[in-house]
Amino acid sequence: MRKGLRATAARCGLGLGYLLQMLVLPALALLSASGTGSAAQDDDFFHELPETFPSDPPEPLPHFLIEPEEAYIVKNKPVNLYCKASPATQIYFKCNSEWVHQKDHIVDERVDETSGLIVREVSIEISRQQVEELFGPEDYWCQCVAWSSAGTTKSRKAYVRIAYLRKTFEQEPLGKEVSLEQEVLLQCRPPEGIPVAEVEWLKNEDIIDPVEDRNFYITIDHNLIIKQARLSDTANYTCVAKNIVAKRKSTTATVIVYVNGGWSTWTEWSVCNSRCGRGYQKRTRTCTNPAPLNGGAFCEGQSVQKIACTTLCPVDGRWTPWSKWSTCGTECTHWRRRECTAPAPKNGGKDCDGLVLQSKNCTDGLCMQTAPDSDDVALYVGIVIAVIVCLAISVVVALFVYRKNHRDFESDIIDSSALNGGFQPVNIKAARQDLLAVPPDLTSAAAMYRGPVYALHDVSDKIPMTNSPILDPLPNLKIKVYNTSGAVTPQDDLSEFTSKLSPQMTQSLLENEALSLKNQSLARQTDPSCTAFGSFNSLGGHLIVPNSGVSLLIPAGAIPQGRVYEMYVTVHRKETMRPPMDDSQTLLTPVVSCGPPGALLTRPVVLTMHHCADPNTEDWKILLKNQAAQGQWEDVVVVGEENFTTPCYIQLDAEACHILTENLSTYALVGHSTTKAAAKRLKLAIFGPLCCSSLEYSIRVYCLDDTQDALKEILHLERQMGGQLLEEPKALHFKGSTHNLRLSIHDIAHSLWKSKLLAKYQEIPFYHVWSGSQRNLHCTFTLERFSLNTVELVCKLCVRQVEGEGQIFQLNCTVSEEPTGIDLPLLDPANTITTVTGPSAFSIPLPIRQKLCSSLDAPQTRGHDWRMLAHKLNLDRYLNYFATKSSPTGVILDLWEAQNFPDGNLSMLAAVLEEMGRHETVVSLAAEGQY
């Protein structure tokens, strides 16, 4: 009763103040209008009154302490919805836009002792019948409405649904028999239910916890993956779905992990079982490496092998008959002999016993004694003199040969045709200053030799790039011979040639080459055009190597919160950085490093590189190689052979590949041609000098991998050499047919120009082009004009693969001292931005991205989830990679961002979402002004 009075007084507090003002103020006004006699008294009275009267502060809007929550009706049990607000004079429920009758409310009211405000709590009961009687597309919902003197407040809507769980699984797991260490996928789609059923897996009735056993993984689609099947994984697996209504179990799927038997190594051959004559030897092996288990196949083949053997029987030796006695000697003895050859001992037989020689006195003890003969002394003296004379003659001959050889060593080589019949005479001393004059035309070499013009005798129809050896090999030094027409470039070693050179010249060659390589290495290390770096935090960003087709996308959230990484991406041009390859393999991309190595990432980054492979992947086996910390190259991914343990994902587009990885390291894409139809794209670029004041004019034809970085390197190199692009580069499909690349020049005005190429064409060997390891590969055509007044050059250049495709360039050049040639925007000077950080690096606004992830990550019964998004965007080559991520949609959108950088293609993305029925996201994109 006291609580009720206090509540009534609290409600009336504002009203009493208002009544006092309305009643007292008019009365005071009447008193002020009374007679003048009491004016002074009235003034005193008014001075004693305050200007304003106290009143209660204004009451605030109701604030909900408890709002109704979603509820589920299990079987026929009704549910209660609760609502509490303060301050509130009234609270009512509204269900499906209709007010609930007052009698259905259970009201509890009290005054908060701290604030003195009224706290009102209301509850209602919802039955199954009420929910079932509702017709319409929307579920049954209820909402609280609270009143106070300041106004009304509405709570959130609470939906009431009838809970259920179907009995039949939409997809049940199926039993499998798998080999040891094979990946196993058990699929399960739980029954339809409200609320959505939770899924867990049982192994022999024990719950599987992937945290405890990391060999198990449960995907976001409720599928169970056994990463590498073990013998202990042989068990019965059951998918369990449960919610507040019921618990359902699928049929049991039996997984049997079998082991195929393997042979042990063969034992050593046994000794021949026959001690004399024919027999056999045998060796054995057992099917225990490993032994077959769980129905695995037994070893195929024989467990015992036998071979014939023959053991030779031993033969004991026997003496031949004694020979006749010899004549009586000077010592009065004679002798006779016999041999152990009748038969001789063989195969371990016993030797003959006894003496081989037998001697006895032949004069019955009577022997003559004679003095030494003086003739023997004369004989010995003659022999000694003859030996001395022979030694003297030998010394004289040796001195003569030594002097003759010494003169030959210091003399000049007058006729080089003695070394190779295909060249005119050349004097080595006169040509020494030109040994290191010109860089190579076709391939890089350790050192170079350039002499005067050579004429070729018996010129054939073509000059291949790999001639027979001109001279004998020179250890550790490759010397190329060039003529001024650029026609011949042998790669043979020349040891006998350098044996005629002085040691100082050979040392000069080596020192020059070492200095050249050192300078090139230093130049590349300090070349900023190959590297991009920047600082990034959890907001992510983009690193771009300008004009190289190489970039690194760091998604938002990839770097842990609160950390800042100094990241980089660089293109390697050193040949030592290229992975080793066999003859059937080719490098399809530049070698690219991203770092810092070992950085902790919470989601994959996207490394983008241009490649030169033909899009038909059926002719290719494409491998992603990674350089380990020790410098060794390892295969990371084989495209099309991914499994659950594959650490990276590769998306191959027509010209670029995108690598999703969480390991910052050095990568390169290598192609292995499975058929001769496999093709790679080449870029053909033709350069000439900016100005030419001599009669000779050189045209360089580069045959490069069709990547932006390869063309960028050549453009920089030619700019330093004073060259210019004569014609727009063209692409050529080069097949793995082992046929060479042939280059020829045609339609020259012979009255004005002549070609210094003596053959009809030049050829580059197939493997020089196919390997992709020959940097700056090119041929040179040298033309000579008859007069300096000739300033126009018109000709055609043909580049084609033998029995393959080709390209024809129509050249129309102006030869002058002023730079001429076409101006192609191959290197965009405005494209110098290397780092973009934060939200500006991404096309999709962050709120829309979060909305897409929240709505598409959860699996949908109709399949309108991240899997359909990947299918619509053609990113569904290996969905298991995305399924292992916490947000598959986010990783797919990261890959889409890298594909469409920098312009983005939001209109296409909006069209895909429209097809998937995501209208609200399309509206959001339109609101952003992007669609």
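Any Cβ shown, glycine's included, is placed from N, Cα and C.
On a predicted model such as this, the values are computed, not experimentally measured, just so you know.
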As recorded in Swiss-Prot, which of Cys95, Cys142, Cys144 forms the disulphide with Cys83: Cys144
Would you please say which range out of 238-256, 295-313, 694-712 has the annotation region 'Interaction with DCC' in Swiss-Prot? 694-712
According to the record in Swiss-Prot, which candidate from Cys340, Cys367 pairs with Cys352 in a disulphide? Cys340
Please compare the disulfide-bonded residues Cys83, Cys239, Cys299 by how many other CB atoms fall within 10 Å of each one's CB, and tell me which has the fewest. Cys299
Same chain, outside the transmembrane segment (381-401) by at least 6, Cβ under 8 Å from its Cβ: which residues? none
Among 260-314, 316-368, 530-673, stretch most in contact with the domain 'Death' (850-929) (C-beta, under 8 angstroms): 530-673
Please work out which residue of Cys276, Cys352 has the most C-beta neighbours within 10 angstroms of its C-beta, and give that one of the disulfide-bonded residues. Cys352
Specify the nearest of the disulfide-bonded residues Cys83, Cys142, Cys272, Cys332, Cys340 to Cys287 (disulfide bond), where nearness means the distance between Cα atoms. Cys272
Within the same chain, the residues at least 6 apart in sequence whose Cβ is under 8 angstroms from that of Tyr568 (phosphotyrosine) are Thr531, Ala532, Phe533, Gly534, Leu543, Ser593, Cys594, Gly595, Pro596
According to DSSP, which of helix, strand or coil covers Cys287 (disulfide bond)? coil
May I ask which of the disulfide-bonded residues Cys276, Cys299, Cys309, Cys313 is closest to Cys83 (disulfide bond) if we compare their C-alpha atoms? Cys299
